[in-house]
Amino acid sequence: MHNTASLPNRITLIGAPTDIGAGARGASMGPEALRVADLGPVIEAQGFQVTDRGNLYGPANPWQPPVDGYRHLDEVAAWNRAVHDAVHEELSQGNLPILLGGDHCLGIGSISAVARHCRAAGKKLRVLWLDAHADFNTHALTPTGNIHGMPVACLCGYGPAQITGLSGQTPDIEPGWVRQIGIRSVDQGEKRLVHEAGLEVFDMRYLDEMGMRATMEAALAGLDADTHLHVSFDVDFLDPEIAPGVGTTVPGGPTYREAQLCMEMIADTGLMRSLDVVELNPAFDVRNKTAELAVDLIESLFGKSTLMRRGA
Ligand SMILES: [Mn+2]
């Protein structure tokens, strides 16, 4: 199946330059690093019309300790409201938004907007969460209070009022709509909640045993023309050997070839309608190579195939 022709022709880049939910500073420089690595032109070269609407604006990072298990909750909420509105606006116009993070707490704003859009349009939603971490912590479980470890929980209704139900309904999404891929670091209490909620997790053990192809076949099973596929790409999904420019590296992630296959199989569905690219941290990068790798993989998400295929 090679259906990329059915992707919307108009792509919008939305920068959200903040590290408000992270445990290290620097993801705020992510959007610019992706632009420097030529993200817009690379997608344009594949025949899409790309509009960069610049960066959203939000509160500075006060770098405070957690309060009641949350760091910077008010600031996180403000950033996510801004992201929600921007992403929802683009979807309403029929455009395919790419959120340039920023840390992964911004997935709350982005995916709540997608959920709201899908609810109104009567579309099914499938969320692919490419990440080293499950991001399913709560204030009671979190060892750090960093909200970038909580977005999936918040979207599924486990979180404070300011950052749950942004879509106009709590929970914003059902755990059964999510497929997590590449997971290899989950906190103890978080593990229990992941099982309780019934999240479908394809962890690195699964990937090792089954391979990327079978993993993606399982993660993409059951999609149809009425499904909106959202990809939330945390750059720490990738093995740190190839992607050092992230705040929370975990060894043992997908290789370059495995990551390419993952992206190509998503592209083959022709169903991706929104994308987050988060946690890129230029402060830890080496000559912008992680940003360049992310752009290379995004190019595959938009249909570049390394193999010559009939009709492609
Ligand atoms: Mn993440």
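Every residue, even glycine, has its Cβ placed from backbone N, Cα and C.
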Which residue of Asp226, Asp236, Asp239 does TrEMBL report at the same Mn(2+) 1 site as His104, Asp131, His133, Asp135? Asp236
DSSP state at Asp131 (Mn(2+) 1 binding site), helix/strand/coil: coil
Which secondary structure state does DSSP assign to His104 (Mn(2+) 1 binding site), in the simple three-class scheme? helix
I need the neighbours of the Mn(2+) 1 site defined by His104, Asp131, His133, Asp135, Asp236. Which other residues of that chain put their C-beta within 8 angstroms of the C-beta centroid, in sequence order? Trp129, Ala132, Ala134, His148, Gly149, Asp234, Phe237, Thr248, Val278, Glu279
Taking only the CA atoms, the spacing between Asp131 (Mn(2+) 1 binding site) and Asp234 (Mn(2+) 2 binding site), expressed in whole angstrom, is 5
